[in-house]
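Beneath this line is the structure, given in structure tokens, with notes to follow.
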Amino acid sequence: MSTTPLSISRAKKYKTVFKGAAILTTFAALYIVTSPSTGKRLVKNASIKGLYNVSGNDCFLNCVLQSLASQESLLEILKLRCSSSTLYATLYELLQKLNSGPGNPITPGSFLNSLEIATNKKLVRSIQQDAQEFLQHLVETLELQKPHTYKWSKVLSFPVDSPFIGTMEQKVQCCQCLAISISYSTATSIQLCLPPEYSGNSNVSLLSLMEADREQHISDYKCDSCFKSSPKHSKTSCIRTVDWKNPPTILQIQLERTSYTCQGLTRNNVSISFPSKLILKNKHHYILRSLITHSGSVTYGHYLCYRLQDDIWWKANDSLITKSSLNEALSQTRSACLLFYEMESPLALD
């Protein structure tokens, strides 16, 4: 299972979103954005507000913010930390406005200013960027801004003070001597590589991808135990298993739809079915709270968000808000690139 440890996997990638970085990623540079009008789009009795696409390229950050607004555990912790961090305060204010019912679309200006001040980098919005990289950068920045003087878990409805962060356990067992080594790492998401679009699989389930990614056979493995007993025969094979020891309250699942092939940079539109509810380790129950889709190709495209609010599914397409449904959200099997599941009973982690 590919995971995203803090400040390791995407640390270099998200720096390219900001001015001052050496270069822009090839992926971002190839994007030509297509977006809806920034005019006012009001929906009577809507539970959420839209976000203006101010630069014409803001769909990547708008969909991330809309997705976060549906995460109840995040809103709870932001509320508690408003007085200790300007970034927490402006993000909480923005997400609350998004959830405040029908009205004119809003802009995330104050929050983005706080984010730029916190990172001392200017957000590049003149070209389309990657929503997953922006999300990872935001999660890591929130973690760095977290106050360490108070045990917030004592007053939260969930036992950890970082809802995006979990602990992964890696077990490696030698196929020759059966020795087992165990290590732990911090992770914020699951990154899943997808099978080729024309591999013969018309539809692949998310659960099957997660299970296949959880356990891997490694043929070229050097076993320390075998080396001690017979240095000449220390090269062997092993079974590597990666699983959550303590899963996060908010589970991010990234579907990697862009890959490099012999034909260059390509987009993978393989159909991936995903459930509305998910169970980890046979005891941690999750519900799908939001998802981000991307339409287009590697050279142009547009992000939008499907999110659950007040028991109703909505489609947030920048400033345009339309009523959706769970079935419509689950039908985005060829365009979904980022899924947000929130734990239904977080206190079960205690």
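Glycine is no exception: its Cβ is also placed from the backbone N, Cα and C atoms.
Bear in mind that the values here come from a model prediction, so they are computed numbers and not experimental data.
Features of the protein shown, as given by Swiss-Prot:
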ACT_SITE  C59  active site, nucleophile
ACT_SITE  H302  active site, proton acceptor
DOMAIN    49-344  domain 'USP'
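Residue pair H302 (active site, proton acceptor) / C59 (active site, nucleophile) shows a Cα separation of 7 Å.
DSSP gives H302 (active site, proton acceptor) a strand state.
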